[in-house]
Amino acid sequence: MVKEAGTKNRREKTKRIIIGISGASGTIYGIRTVQFLNELGYEIHIIISKSAEKVAQKELGINLINELKKYSSYIYNQSQIEASPSSSSFSITSKGMIIIPCSIKTLAEIANGIGSNLLSRTALNFIRTNKRLVLVIRETPLGAIELENALKLARLGVYIMPASPAFYILPKNIDDMINFIVGKALDLLGIKHDIYKRWKG
């Protein structure tokens, strides 16, 4: 059970956050992010790709949509280009967006202004409205093209976050490593939490 740091019973006032789950390996990162945000009382809008559904089935043996329905009533396929998140007014009234995991294809589309689906279009809206956008990249190694795309977005204020777990937390299991990545992504949106053990020197 995750609780907001510094509180016992108070849940954070409900705010809207968009979570994108692309077809990169590491679907569990997206699911865990949604779980934590749900516990913190956020209104969560989730955009998923067809590839993400396949990856979830392969890596976790689950139906991704059925799993996400436990935590949110707002689930969109990236082909639903007409859905509410495609409007820039939606991003203006949202706290932020995290694409976790973010595939290299999705990174490239966003970096080059290609809003061919709901996921990339929504991300572009967050950039043009100067709202917080976090891209959690899991791919390795990264070549010059991927790094240039990431640099282009970083210069625009987008947070580029590699899914690189820390070992100073002395993880006891894979959940500790997953929670560290998710917690770091939430940090970038300014969300208070106690999901992982912070470095104290």
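Easy rule for this one: first residue shown is 1, then count along the chain.
Glycine too: its Cβ is placed from the backbone N, Cα and C atoms.
Fair warning: this is a prediction, and the values are worked out from it, not measured in the lab.
Swiss-Prot lists G23, A24, S25, S49, S103, I104, K105, T106, R138 with the feature FMN binding site, giving sequence analysis as the kind of evidence. For G23 (FMN binding site), the number of other Cβ atoms no farther than 10 Å from its own Cβ, over all displayed protein chains, is 21. In three-state terms derived from DSSP, G23 (FMN binding site) belongs to neither a helical nor a strand segment and is classed as coil.
If you look up Swiss-Prot, you'll see Y168, K184 marked as dimethylallyl phosphate binding site. Around the Cβ of K184 (dimethylallyl phosphate binding site), a 10 Å sphere holds 20 further Cβ atoms from the protein chains shown.
Close to Y168 (dimethylallyl phosphate binding site) in the fold, though at least 6 residues off in sequence, lie W199, each with a CB less than 8 Å from its CB. With respect to Cβ neighbours within 10 Å, the binding-site residues K105, R138 differ, and K105 shows the lowest count. Cβ environment of S103 (FMN binding site): S22, G23, A24, S49, S51, E139 lie under 8 Å away, each six or more residues apart in the same chain. Binding-site extent for FMN: residues G23, A24, S25, S49, S103, I104, K105, T106, R138, maximum pairwise Cα distance 16 Å (rounded to the nearest whole number). Across the structure, K105 (FMN binding site) and K184 (dimethylallyl phosphate binding site) place their CA atoms 23 angstrom apart.
Here the CA atom of K184 (dimethylallyl phosphate binding site) lies 14 Å from the CA atom of R138 (FMN binding site).
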